[in-house]
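Enquirer: As annotated in TrEMBL:
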| type | residues | note |
| --- | --- | --- |
| TRANSMEM | 34-57 | transmembrane segment |
| DOMAIN | 42-415 | domain 'Amino acid permease/ SLC12A' |
| TRANSMEM | 69-90 | transmembrane segment |
| TRANSMEM | 129-146 | transmembrane segment |
| TRANSMEM | 152-172 | transmembrane segment |
| TRANSMEM | 179-202 | transmembrane segment |
| TRANSMEM | 230-251 | transmembrane segment |
| TRANSMEM | 263-286 | transmembrane segment |
| TRANSMEM | 306-328 | transmembrane segment |
| TRANSMEM | 358-377 | transmembrane segment |
| TRANSMEM | 383-406 | transmembrane segment |
| REGION | 498-519 | region 'Disordered' |
| COMPBIAS | 503-512 | compositional bias 'Basic and acidic residues' |
| TRANSMEM | 583-603 | transmembrane segment |
| TRANSMEM | 609-629 | transmembrane segment |
Amino acid sequence: MSPQVQELFHEDAQGSQINAQPWWKVQLFVWEPVLFGTWDGVFTTCMINIFGVVLFLRTGWLVGNTGVFLGMLLVSLVVLVALVTVMSGVGVSECCSVGNGGVYSMISTVLGGRIGGTVGLLYVFGQCVAGAMYITGFAESIAQVLSLQSTWVVRGISVAVLLGLLGINLAGVKWIVRLQLVLLGILAMSTLDFVIGTFSHLDPEHGFVGYSEKLLRKNTLPDYTAGETFFTVFGVFFPAATGVMAGFNMSSDLQRPEHNIPVGTLAAVCTSWFLYLVFVFLLGAICTREALRYDFLIAEKVSLVGFLFLLGLYISSLASCMGGLYGAPRILQCIAQERVIPVLAFLGKGRGPNKTPVAAICLTSLITMGFIFIGQVNVLAPIVTINFMLTYSVIDYCYFCVVKTYELQVQQRKKLISRSSSRKSLVSSTHPRYGSGGAISDPVNGTLLQFTKDMDQIFPLPSTEEQRASPASKARGRKTKIPAKEMLMNSFGLDLNSNAPLDKGKDERELEQAAGLDDDTSSQIGLIESDLKMGNQMNLSLPNSGPAELEQLPKEKIDRNGSETNLEGSEIRSIQSSVYARFCNPWVSLIGALCSFMIMFIIQWMYALINISAALILFIYIGTTSPGLPTGAASHFSFFKWLKTSLHNLGRQNGALQDQIVVTPSLSAVGMETRQLTEENADFALRDRYHHSSFITTTDKMVHPQSN
């Protein structure tokens, strides 16, 4: 049995009820799985990652270049890009069964394991670079306080901090979240200290002159320094919103991911956006432009107690880096477990009940340490921005593909029904069929469902009296004889108990009503779907398919007979009627994906080309080393084909014209006769009489069995 799942502070709440253990026997490492909720898990993690070093060190520099008006617009644009990505991720999670791999599982479920592995590895790389940027910002502020300008001092402090965070990550996820709760409280205190300091004292020597309408009017319009533009400032400030996907990355450690992730992430994004606007407005109203441009610690001079602000800066740097060291290894672990790149398979192993990825944590820490030696926040920030913009654009495109794929499925069903109902015979003549006296108006005639009904008539199952017979009477024969129907159904891979079509779910019926399908159409769709399901079962349960073919399906769950029972992530469900899911729009996601892709090249076209080239190399390499990865739920959707079809049908009111085929009917009736092949003699006395026929009248549809 699996160990019992405990709450975050479960042992603390039960401490008064159990015997207290000595301090030397307390377990510092986590040996029980711990699950978190909306506020102690998702909200705290997202706030720690969003409310980071960029806000404390670069908000004044942003206002000094863009001014108050464009600064607030830039902050809103950054938050809007992140918010569109969050809603796209929520929409994908509502429509598809997303696994525990965060961003990687979301993309691979929709676009396939090949694209998911490519973007997932780039996202892990971006998290490592972001961690290096946060630690470097922390080390820069420490060196400035200590009046140490050496680059190697900054690098030494960064490496020491990284090793400390590495130990916390290895201790377990419970200690990470507990520490984040404490750090979030310190960040709230430092923010309050900054707001109180804006009207409690002045420091004109360092550019803090207090509230002035003239100063606010002067700082409203932009005034860029040499080499800076709106989009270069955007590229430096965008890492302030790169922590919005932290809730998705910790889905395996949540109690109710479908509820915790949307509520906690949206609350963190809205709170951070409000605090960003407050910082931009207050700094533009009380500080001179020269101080905002060249003094990165101008907010510390504004604060009432500068130590609290510096403490918040240090805490935000450490917490943001710790969040990156928490999410990136778990994504890398999921990629390794699914063997996207076979060389990285050793990273899929975990330790403890929460499966802590020790090897993946060590690897991401080494990559982070490598980028620490670059040692400049303004150099690392554009790299992080380009990488995350590429990831966010792919997530937005995923939701668009999911919605359009489902719409195409509904349209294909409607076309199939319309085609079946519009078939008309050129010659109104019916011909006798085998075993019937006229035409049969059975709507499911010729389907696999009708085939099983025919098998019930030809080979009836044993009666209940025969089934209740004693085992001793059944054991008299030398070997057990398999009934004819069961043997024939097994040869086709069909189930004896799958004669009736499955009932539709509530969501599926609501979707068909929204698509304009009436009850008759829905019933016909149900018959067609039952035939398709039985046909897929025939194709996937062939007796010649050995274990070699089954091993090539990594996402499939195989039952005891070796047949496929379920394809994980291959089903697209309708969007649930939740409050946050109503704001998911595929067109907004598509616009967000295109804007993110264009902003990449506007910020740093060289970094954008390097990222796209690296993505192409990874895509080709993964396709070569792991060709059997799942294709994804939206693998049949092509954006360019959809665009071509939409433009082609733009001026048509009734849609595209369907192909009409005229088939020449057979004018001659077909006569059939039966002949008995098995003779009635002693040699064939024990053989069942397989040659049966049924005569169906056209008036009462009564079945009269006949035997040859």
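Counting starts with 1 at the first residue shown.
Every residue, even glycine, has its Cβ placed from backbone N, Cα and C.
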Enquirer: Any contact between the transmembrane segment (583-603) and the transmembrane segment (69-90), i.e. 3 or more CB pairs below 8 Å with pairs at least 6 residues apart?
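Expert: As far as Cβ distances go (cut-off 8 Å, pairs 6 or more apart), the transmembrane segment (583-603) and the transmembrane segment (69-90) touch.
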Enquirer: Which range out of 34-57, 129-146, 152-172, 230-251, 263-286 gives the transmembrane segment (306-328) the most CB pairs under 8 Å?
Expert: 129-146
Enquirer: Cβ pairs under 8 Å with the transmembrane segment (383-406): which stretch of 152-172, 179-202, 263-286, 609-629 has the most?
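Expert: Looking at each of 152-172, 179-202, 263-286, 609-629 in turn, the most contacts to the transmembrane segment (383-406) are made by 609-629.
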Enquirer: Short question: most Cβ pairs under 8 Å with the transmembrane segment (358-377), which of 34-57, 69-90, 129-146, 263-286?
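Expert: Per the Cβ count, the answer is 129-146.
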Enquirer: Limited to the domain 'Amino acid permease/ SLC12A' (42-415), I'd like the whole-number average of pLDDT.
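Expert: Summarising the domain 'Amino acid permease/ SLC12A' (42-415) by its mean pLDDT gives 84.
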